[in-house]
Structures are given as C-alpha cells and as structure tokens.
Amino acid sequence: MDRKTRLSEPPTLALRLKPYKTAIQQLRSVIRALKENTTVTFLPTPSLILQTVRSHCVSKITFNSSCLYITDKSFQPKTINNSTPLLGNFMYLTSSKDLTKFYVQDISDLSAKISMCAPDFNMEFSSACVHGQDIVRESENSAVHVDLDFGVVADLLKWIGPHTRVKRNVKKAPCPTGTVQILVHAGPPAIKFILTNGSELEFTANNRVSFHGVKNMRINVQLKNFYQTLLNCAVTKLPCTLRIVTEHDTLLYVASRNGLFAVENFLTEEPFQRGDPFDKNYVGNSGKSRGGGGGGGSLSSLANAGGLHDDGPGLDNDLMNEPMGLGGLGGGGGGGGKKHDRGGGGGSGTRKMSSGGGGGDHDHGLSSKEKYEQHKITSYLTSKGGSGGGGGGGGGGLDRNSGNYFNDAKEESDSEDSVTFEFVPNTKKQKCG
C-alpha cells in the first residue's frame, strides 16, 4: 500500500501575536470607528494595510514585518472589505485579547481563506477579494517638511476640538465652513493654523517644532479631516511629520510611526472661497428718472423716440405702451420717463419761444388739429382737477390761467367736437400692435 503524498500548504501569511496585540491595542480606538469604506490588504512583504477613504481624505495604517511572517514569497496580494457579513468590523475582531491564532491562505485569486482561533473556538471562512483597489503611496517630493512634537499635536487637538462640534447659525466666513488654513512662512520659519472664525495658532522653530524644508505656502483642508488625522497620529505618542506635497495635486501629508506600525493620512486641498465681485445687483441710474421729483421742469425730448409731430395711429400705441411721467406737463414738476418738449417748464423747453421761467406764449404756434390730438392723448391720463401740474421752477409754461392747459378744452379751440370730447378707455384700442 502506497503512502499518500502529503499536499503542500498554500502560501500563508500569519500574525506574530505578541507584537501584533501590542500594536492593535494602541490602535483599538481608531479601528473601532472603521466602517464600510475601509479595505484590508495582505501583502507578501509581509505587511498588512488598512486603508480608509473619506471625502478629501485617505487614511492608511500599515503593520510591518515585526507583526507578520509569511511561509512563501509567492503569496499573492489580497484585498478584502473590512466590513464582512455576520462578522461586522473584521479588524476589530482581531483586536481581541483572546485571539490565539490568525492566518490568511492564498488558495484562489478570487478570495482569501482566513482562519481565526481563540480558546475553545475556531473560525474559518473565505472572503471575496476586492480588485482594482489602489493603495496610496507616500511621495518623497515635498515643498514643506515640518516635524511636530507630540506635545504640539496635543495642543492642536485641544485647540481644534471645541470647533469640530456642529454649531447653529454660523455666519458666512471668508473661507468655507469647517476648514482650517495652514500657512507656512520661510523667513523666519513658522507654521500657522487658522480656523474659520479667525482663531489662529502659530509655531516657530524650536525644540518642539523642526523645519526641514521651508517654502512660503498656503493650504486649506477640512477641519474634521484634519482633526481625525491628528487623533490617528496621536496614538503613537511620538513626533508627527507634516508635509505639503505639490507633485500633482496639492496634498497635506500627516504621518506618525513607531517600530510596529505607521499611520499615514493624505488630505486633499479644499478650494479657497473668494468674494465674487459681481454678486451685487447693480442698478443703473437710467431707471431713476421715472416718477422722480425735481424743480425746474427740465424735460427730455421725445423727438428721439418718435416725437409728437406724427399724427398717425402709431403715436397712440407708442405712448400707451409705456406710462408717461406727468410731473412736467403742468410746468415745474419732476419729469417722467418719456417727456415731450412742448412744455418749457422752468424755462428749459427745447422749443425756445421765449427765454425765462414762464415758458412764453408758444402755444399760439400750435394748430387746432395738433391741440386736438394732444388733448385726445393726454386727457385720460390726468384728472380734470389739474393734478398734473406741479408748483415748481417759475410757474410752468403750459399751465396758463387756472388749470392744466390740455384739460381746458374750451381755450383757443376751433372745433366744437373738441369742446365736448370725453375720452372713454377701451381695452381693445389700447392693445399694442
């Protein structure tokens, strides 16, 4: 009887439990908050990477070879979701103090076989792999490189913490709500953090802050992301590295590391909000002439807009389409929008029959037909009490003895029809052509 050939074990990546438990206990508060947007990647380096993607921020925690070992370098990289059915937060399960064994086997390109053991408990399952998941990498090219002592990180957390709470009735600020602006000055080296409400905190070069690369720069990032970044880095209780990378897009890189793991955060820049110089509604002065009061009765000529010399039907439509300001018809009152030049109120009429405040007796030059047409146009616009005349600027040129000239139909009229004429408004006739 031939002995069966023992099958070789597939490539396996396992945890070194003692250093891993030391590391995971430091990160327990961070890992507890991980949600569905987190992936877990097992690499043949060996290393284990947790990557969380949020809006304008990517956080990465890398466990190095001090916490892991591998049986075969042919182990293919595996990426799974941290949120698994039935189990929930996968990495939080590995933070249990009762864990006695944990390993991952490479048996398929489509899944990862995972085994977890505890006293009187053994669990083995397969988790589908996530394909096309890129791991963000650190770039060595940075315009600014600043090292912050752990005490500085703690000061920043105390300063930012109260501002991360949601407040009501927040007034519009010069930069977007919930952002922090980071200013770096080259001479002398200094870094300043400015919040939306104007509060700021500045650090200069000393034994707590070291500047390795300095350039005048400014970057704006979300406040909640920056606060969470500092919390992630504070778990090491070691100095924190802050760098501004401008290789492609402007990024804020914040990281802290110890002998077991590294915490890295990549924050993308928020756009600066600038005041729009065209956001105010500009109102021109051209519309202010309608209904405006004034003395002197200075009237604009209608000759440019068709004039009153046309006896055709188009004149009625032209004037009915736009109400006339009647302040200047009786003399010195304030002018309207479209005003005619036959009344020289205030001595400034365009038809100079006489120079002076009264406007002269230029009405004798008008024919009966012109006066009739003028009366037909304007009589329905003013009451018979003569309310159109204003007492301004020298008595008014067309307000002769007692009332508005156009309302006094008997004066110098050669037609009996004009004496008894009464205008009756008709909606059909007032429609625009």
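Just so it is clear, glycine is given a Cβ too, placed from its N, Cα and C backbone atoms.
Between Ser348, Ser355, Ser387, Ser413, Swiss-Prot assigns phosphoserine to Ser413; no such entry appears for the others, which is not proof they lack it. When you go through Ser289, Ser354, Ser415 in Swiss-Prot, the residue listed as phosphoserine is Ser415. Within the list Ser298, Ser379, Ser402, Ser418, the entry that Swiss-Prot describes as phosphoserine is Ser418.
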